[in-house]
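Q: I'd like to ask some things about the structure below.
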Amino acid sequence: MRLYAICVYLFLYIPIGVIALFSFNAGRHASQLQGFSTKWYGKALSNPFVMDALETSLVVAFCSALFASVFGTMAAVALQGIRGPVRATFDLLIYVAVMIPGIVIGIATLIGLVTVFDQLNPLIAAIWPDGFKPPKLRMGIGSLIAAHTMFLMALVVIIVRARLAGMDRALTEASSDLYATPMGTFRQVTLPMIFPAILAGFLLSFTFSFDDFIIAFFVAGSETTLPIYVFSSIRRGVTPEINAIGTMVMGVSLLLLITAQLLLQRGGKKSR
Amino acid sequence: MENGGYVGEVEPAGKKPIAELRGVTKRFGEVLAASDLNLSIAEGEFLSFLGPSGCGKTTALRMLAGFETPTEGDVLLDGKVVNTLEAHHRPVNMVFQQYALFPHMTVAQNIGYGLRQIRPRIPKAEISERVSKALDVVQLAGFEDRKIWEMSGGQQQRVALARAIINEPKLLLLDEPMAALDRKLRKEMQIELQDLQRQLGITFVLVTHDQEEALSMSDRICIMRDGRIVQIGSPQELYDRPNSRYVADFVGTSNFFNGKLQRSTDGLSEVLLDNGMRIQGMPGDGLVDGQEVCVSVRPEQMKLRRQGKGLEVEVHNRIFLGEHTEYLVTHETLGDFLVLAPRQADLSEGAFAVRDKALVSWETSAALILDRN
Ligand SMILES: Nc1ncnc2c1ncn2[C@@H]1O[C@H](COP(=O)(O)OP(=O)(O)OP(=O)(O)O)[C@@H](O)[C@H]1O
Ligand SMILES: [Mg+2]
């Protein structure tokens, strides 16, 4: 049994370890180790295509995580105030939204956005003043952010809802008993208490968006995010440079995930 | 109401009511949590809701605080109907059962919370001065900057109290504030709370299911059962003149003998007990001839003697309590009951031993004929 468990873990982590190991390879072949070097990191970081893709990824991840946290929190707080079958329905829908495969979200968002753009573009062109070139809505950074926000909002709702549900109802009642308006109660009691959860939701969303390939692949248009860049260059063979990028992405993701986990744990303890 | 509807003085004599419940009913779906509550709370009085778990005490309190709106009837504060007035607009404060202190704030921030909500703003210096004063009152001076989780249960309770009284509310509502404290601390807090109430002159409404607590602290007690008010009165009134077996049983201890009311003449009545004996007693209000009743006699009203008239019993158990001795005695057909003999009686008559034969008697005026429910 123990041996079995060890095998599973080895199976899971050996490929990742190999990637990290080979990213420090001095040689140029991905298959044989030729001494230690960090030159591929330097190379990756000075590659303008990589830096471009990284910038796009960071902007998309930051914006979609921000929107998802704000709207997700608003939705969670609103849901908390509802009772009965309406709430049960929404809860179910939220869980379903998280479980839908990325490829379905990708296709659905693509079709949805294309349809909307097809409807809107002639309209915009029609009302635009003559002599100016009307802007054209198309796939790009905007659609990336929109698609990610929609998907990640559900995640934030779940995290924040869990925190809200763990919060003693008497606290908000005590606040209103002490003359605070509903807005005042939200600002002074609810928000500070669920803030760790919101932050954790933000970090998780950031990681998900940053690492996402499938949804981005469908809606990115001409934009290239880091995962898309890695995917396209891998078709030309795995270079140590790719390994270096992979290792860096993994490092940052792990850091964010651990921070989020710690936030959720600490926040949970404090409210007891 | 089974017993003709008399529940005692709904209004305290000659004082201005600060809060009133008029025919208040509250339903949660199918559950009837409060039913036709009628009550008037006088300025400066200490009133308790007493009753077993689930009888609607918290619901009544929450309607006064503004967390629940009555399904029927009116809640009045200061003579104005406030049924739908939100909690934050009511000059009422509550001490919650689990205190509900804000965990992300210090002791001082918790206590100053109410003052910080008032517009136009109260100057910071004044708030912190009043916070220190409130801390003084609850004997926690110097604890301003402590975190809530660094305080013991008793200290947290005082913080909760300070957080409420600093606002000088018209009405202070306390929902089983002492339930989480151990016995000794509870006794101390009961005394402190009473002192505080006299000192501040704030009207207190306390919810409790601890009869001792209610009896020792309150000016008036409101006994509740299944969402209804069964009887309202001072602790003495409830003890001496309970209007039902339920109240007599809830307030203090008593011996009950079941029977049928035979003949109701003015003042005195006769009851035919289930074992065929007839005894005389004082009839309660609203009883009719032939009704199933019970006769209640308090243990301390019973006398245990060796000779004379009385019920023949055998001593079953004896507990020496210092000033009193508690005898558990058995009668052939009436079963077991309790007799509380003062030390004096034991000394003059000689104490009874287990298995001794004895005679039990009481004054007719000590036998109360009550509704069985
Ligand atoms: N929000 C609610 N929804 C549904 N039923 C409720 C609600 N609040 C109270 N009840 C019901 O109303 C009845 C009275 O409840 P309440 O809390 O007033 O009792 P209580 O006298 O305070 O009891 P305890 O001593 O256990 O605190 C109970 O049967 C309870 O289940
Ligand atoms: Mg209660």
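Note that Cβ sites are derived from N, Cα and C of the backbone, with glycine treated the same way.
According to TrEMBL, the protein carries these features:
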TRANSMEM  A:7-26  transmembrane segment
DOMAIN    A:54-260  domain 'ABC transmembrane type-1'
TRANSMEM  A:58-80  transmembrane segment
TRANSMEM  A:92-117  transmembrane segment
TRANSMEM  A:137-160  transmembrane segment
TRANSMEM  A:193-222  transmembrane segment
TRANSMEM  A:242-264  transmembrane segment
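How buried are these features, and what lies next to them?
A: Among residues of the same chain six or more beyond the transmembrane segment (A:7-26), those with a C-beta under 8 A of the stretch's C-beta atoms are 33-41, 240, 243-244, 246-247, 250.
Same-chain residues lying 6+ beyond the ends of the transmembrane segment (A:58-80) with a Cβ under 8 Å from its Cβ atoms: 87, 90-91, 141, 144-145, 148-149, 152-157, 159-161, 164-165, 186, 190, 194, 198, 201-203, 205-207, 209-210, 216, 225.
A Cβ distance under 8 Å defines the sequence-distant neighbours of the transmembrane segment (A:92-117), meaning residues of its chain 6+ beyond its ends; these are 137-139, 143, 146-147, 150-151, 154-155, 157-158, 161, 212, 214-219.
Cβ atoms under 8 Å from those of the transmembrane segment (A:193-222) belong to residues 57-58, 60-62, 64-66, 68-69, 72-73, 102-103, 105-107, 109-110, 113, 138-140, 143-144, 146-148, 151-152, 155-156, 159-160, 162-164, 167, 171, 228, 231, 249, 252-253, 256-257, 259-261, 263-264, 266-267, 270-271 of the same chain, restricted to positions at least 6 beyond its ends.
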Q: Same chain only, please: residues at least 6 beyond the ends of the transmembrane segment (A:137-160) with a C-beta under 8 Å from a C-beta of the stretch. Say none if there are none.
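A: Non-local partners: 56, 59-61, 63-65, 67-69, 71-73, 75-77, 79, 94-95, 97-98, 102, 105-106, 109-110, 113-114, 116-117, 120-121, 124, 194, 197-198, 200-202, 204-205, 208-209, 212, 215-216, 218-223, 225, 264.
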